[in-house]
Amino acid sequence: MSFHPNAVDAPPSYLHQHQAGSPLYTQNTIRPNANSTDLNSPHKPPILQPWLGLQARLFLAPISIPLISLLFVAARMLSSSNEATDSISSAKGKLLSACSAAEGTASLAASFPHFLAASTNVQLALSVTATVHSAARVFDLSMTAIQKILTYIVNSYKSLFMCFMELLVRGALAVLITAVEFISQAITAATLGIRSAIQESITGVNTLLATAVGAINDVIGVFGQHVNPPHIAVPSLTSLENITLPHEIQDGLVKLNATLPTLQQLKQSMDALIETPFEEMKREVNATLASFQFNHSVFPVPEMQNVTFCDRIDTSPLDELGNALKNVARWGLVALLLIAIVVMLIGVAWEWWKWQKEVKAVERTRSLWLAQRSSAHSDGNDKFCDNILKTENLMSLLTISQHPLISFCSLNYCKRLGIRTRRAQDRCAWLLSFLMHPASLACLFTGVLGLISVLMQAILVHSLSHHYVSSIDTSLAHLSSDIVNLVHDHTRNASVAFSTSANTVILQVEAELNDHVFRWVDTTTSTMNSTLNQFVDGLTETLTSTFGGTPFNAPLQTFVQCILGQKVQGIEKALTWIHENAYVNFSVVPADVLMLRPEQQEAVLRPVREAMLGSRDDQGGGNGVVGHVISRYMEHLHQEKILFTALIGVYAIILLIGLLAVLYATLAERRMHDDDETRKKVSRDESEEKLRSDLQAGPGGAGIARLWSRRPKLNAGCFRAFSHPPVPVSAQNPSSKIDHAARFPSSAHSSRPDPIHVTKDSISYPFQMHHSLNTSPSTRPTQPTPLQQTSNPDRDTVQSLHHASTTHNQTASTRTKEYDSWLCFLASYHDGEATVPAKAPEAVEGAQDRFHRLFGCSLRASPTVATFNHHVSAPAVSSDRAEIEVEDARFRETLDLGSMQDWIGSKSPIPPPAGRGGSHSPRNTADQLPEVQLTRSGGCVGPHSSDSTQETYAFTDSVRLPPGPQPQQKRVVSSQSISFFAW
């Protein structure tokens, strides 16, 4: 096997997909070319570059988005401070104007007696006049009623007495006369009856005696006795027939009936006694009271009052509140200034760090690009350069260079979330870049800082408001209490003075009425009492003179006292009450007549209190003086909060738009990926069908098909016949950084079409076989050939013990330029490509690990392991790239196979020489073909070695030679060579 230095690339992937490179700045181990332009070039650069350098960036670093946000918030805070000053001035003016209005209101309240006195005096005068007129009318009606009642009573009782006495006397007399006559007749009849009764009784007694004596005679007649009955003589009694009543009784009654009085004289005298005083009294009352008028001008009128108290207002709490609000804004500005200084320092440090990262990223990107471009040009792969200079790659490079922190955060974020695909990482990076755009950050920083400042100001204002509200409220509460007391004193003094004067006038009028008008009532009632007494006395005298000495005198006196005496006593009591209450008693004016009640005072002084104190709310504010200041300041803060909240809302909208864009991109790429997979699957099926057709249609196609169908399976058991233990893998350089995702597609791999995958026994072999290739089946047991080292330093020579086989391998006349793959890594027919400058090799992965990673199985110990495990082949390093250290170097090497020789359990794809005409000698038959042995024919070239000796591996026969120098022959490049990657 010989080294072929025309391909440098990463090992191929077993997945059928395009290999995506990681961000360019991760390639941090490749140094730039010495001939390229560098920032540290010894040539003196111009003073001003077309881009901003470190000094310019450090100069502009303080002017950052957070600083602008802080300045905006500071401007709003300064505006709030000015607003607080204006609010304090406005509050003072409002307080003074409210105090002036309160003085006017208090003066008006204190002058209420002056305004109330005029109307009160008129009303008092009218009430007194109406009272007097009403009293006169009542007295007139009362006197008339009493007069008529007395007259009616007198007439009634007079007629009653006359009729009753006539009825009584005349009826009694008639009864007596009739009674006398009946008594006389009764007495006469009685006497006659008595006479007859007596006579009949005596006759009966005589009869009884005769009967009794006869009975006795009958009894005693037996004895012969005989008694004579006694006999009583019957008297005549003639005197009883002439008994009668005396005639004087009847004569006296008849005489009394003829002499009864008529009481006409008593009636006339009583009428004269009743009508005369009543008529006189009514005439006097009407003449005096009917024309009575009370003059209201005699009542006093209090003077107007002027109340002043504004000079007692203490506005120092307002000044203290204004100073406190200014201090809040001042300390807020100081805090913002300190934060701004910190932000400026952080901005300077950030710009310096970003500059360093950007410079390093540019250097690493340039070095990597130059190295990859040289490799691509050496392989003739211009498409690789085009991929590097694509707009997407350049934009990614600029973004990563300008925003290293965003890229760092994006990578860490993806790493923690387990995001491994490149497109998902790109979407995360795009979202962070979208959210970290200066416009978005300006909205976010300004909104957050503004809300924090508004919140802090609101907390401080609330804490200050409770203290100063209580202070100013206490001061104004004392002032309002003084105002209330002052108004109360003024109104009380005015009311007392007014009531005293008014009562004096009212009492004077009352005395005049009682002395000049109602004294006649006293006279009239006394006269009426005398009249009634005279009437009763006259009636008694009349009855005494009439019935004196008769049995009717006492009953009539009792009757008159019962019927008339009680009524007269009641009338006398009424007249006595009138006499005792016949006077005017006007109500005097109270001392608080012009004073307001407590609820009226509160209603009048409420505007004054509210103008000073305002209506308090639960948060310490209100519409008072302090409440006005606090409310204006809080209203200003509320407007700022709305502004800053709107800015945060704008950032939230930006976030939502970014998430929607990422979601849309994810769904769209997933749909596109599914479509690509479908198309690739269809294309792969078609290619496989075409491959099978080509393999069957070409020369010897049937034999190839049969050979492929009967080819033994690849497994690790073919290496078990060798007991050589594997050589340990060389240690890796601890300073080297491996990033497989950062490797670009190989030039050889990217220049040929997509490989075709043919699945064979669970191992995928990407390859392209020329239709002229033909293999024959082999029935020999397949074993790997041990790898031996040769001493020939020439890498273009091949050592073999069987000259027929080596001659056969060197005299192949057919030469193809098709790129074909063998096994599972990028292999092609060696076509004598131009060499490329060598890269410094670095042991990265051992043969066993590499084999396990490529083929999915472990490598058994074999003779080839001991020589292959430590083999590092490298081309000679050119002088112009001697100082370039390449990490993870890969080199293409060449495998020379003879026709129909074994290789990893299968036959070589190299067809027999065309000159043999398809006939096979016994040496080349399946039963006689020797195994191929891979030997080393050169030394290892290190990255800094000046030795030009190189190593070459070649297949030899199964029979080993004794140790020592072996004959070698010059390797002839032929179509029977397969190039593959080794590292």
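Just so it is clear, glycine is given a Cβ too, placed from its N, Cα and C backbone atoms.
These figures come from a predicted structure and were not determined experimentally.
Quick look at what Swiss-Prot annotates:
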COMPBIAS  674-693  compositional bias 'Basic and acidic residues'
COMPBIAS  751-760  compositional bias 'Basic and acidic residues'
CARBOHYD  ASN35  N-linked glycosylation site
CARBOHYD  ASN242  N-linked glycosylation site
CARBOHYD  ASN257  N-linked glycosylation site
CARBOHYD  ASN286  N-linked glycosylation site
CARBOHYD  ASN295  N-linked glycosylation site
CARBOHYD  ASN306  N-linked glycosylation site
CARBOHYD  ASN493  N-linked glycosylation site
CARBOHYD  ASN529  N-linked glycosylation site
CARBOHYD  ASN585  N-linked glycosylation site
TOPO_DOM  1-57  topological domain 'Extracellular'
TOPO_DOM  79-159  topological domain 'Cytoplasmic'
TOPO_DOM  181-332  topological domain 'Extracellular'
TOPO_DOM  354-440  topological domain 'Cytoplasmic'
TOPO_DOM  462-641  topological domain 'Extracellular'
TOPO_DOM  663-983  topological domain 'Cytoplasmic'
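Looking just at the topological domain 'Extracellular' (1-57), the mean pLDDT is 48. The secondary structure of ASN286 (N-linked glycosylation site), as reduced to three states from DSSP, is helical. Looking only at Cα atoms, ASN493 (N-linked glycosylation site) sits nearest to ASN306 among the glycosylation sites ASN286, ASN306, ASN529, ASN585. In sequence order, GLU510 are the residues near ASN585 (N-linked glycosylation site), counting only same-chain partners six or more apart with C-beta under 8 A. A simple Cβ count within 10 Å picks out one of the glycosylation sites ASN295, ASN306, ASN493 as the most packed, and that one is ASN493. For the glycosylation sites shown (ASN286, ASN529), fewest C-beta neighbours within 10 angstroms: ASN286.
For the topological domain 'Cytoplasmic' (79-159), DSSP puts the residue distribution at 80 helix, 0 strand, 1 coil.
When the alpha carbons of ASN529 (N-linked glycosylation site) and ASN286 (N-linked glycosylation site) are compared, the span between them is 23 angstrom. If you measure from the Cα atom of ASN295 (N-linked glycosylation site) to that of ASN306 (N-linked glycosylation site), you get 30 Å.
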